[in-house]
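Working notes, structure below.
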Amino acid sequence: MTQDNKLQVEAIRRGTVIDHIPAQVGMKLLSLFKLTATDERITIGLNLPSNQQGKKDLIKLENIFLTEEQANQLAIYAPHATVNRIDNYDVVRKQTLSLPERIDGVLTCPNSNCISRSEPVASGFRVQVHGQQVHLQCKYCEKEFEHQAVVQSA
């Protein structure tokens, strides 16, 4: 008797697969980007084995397709993730992520005096890269923060 040690996550016929998400980040992406606001089937793999990362998370969204803009907003949390478009069980498009110019309606400004924290307005940040550092500038208070300060407050 042979034993198959491969972990199997069911394939989807059509939709989006977000792969190579850092371990422990998949649930945060589902929540922040409201990926569960659907009646379609969602398959989540957490702490899956990965040759590149050691462990990774994976999200499969059946019959849901992300725009390039939506996909690139994921890069702030998962810069090395790939977003695969699936049709008839085949990958028809593979997108590597790049940081967008703006991230709107997802993150919270860490400045406790910012109007976005007390008023019903969608948050917005301009993404700036300074060498290897990513900074986010709030569109309301115009303060600039290291990206980690903003993503940890979300």
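A Cβ is built for glycine as well, from the same backbone N, Cα and C atoms used for every other residue.
Around the Cβ of Cys109 (Zn(2+) binding site), the number of neighbouring Cβ atoms within 10 Å comes to 24. Swiss-Prot lists Cys109, Cys114, Cys138, Cys141 with the feature Zn(2+) binding site, giving sequence analysis as the kind of evidence.
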Which listed residue (Cys114, Cys138, Cys141) has most other Cβ within 10 Å, given these are binding-site residues:
Cys138
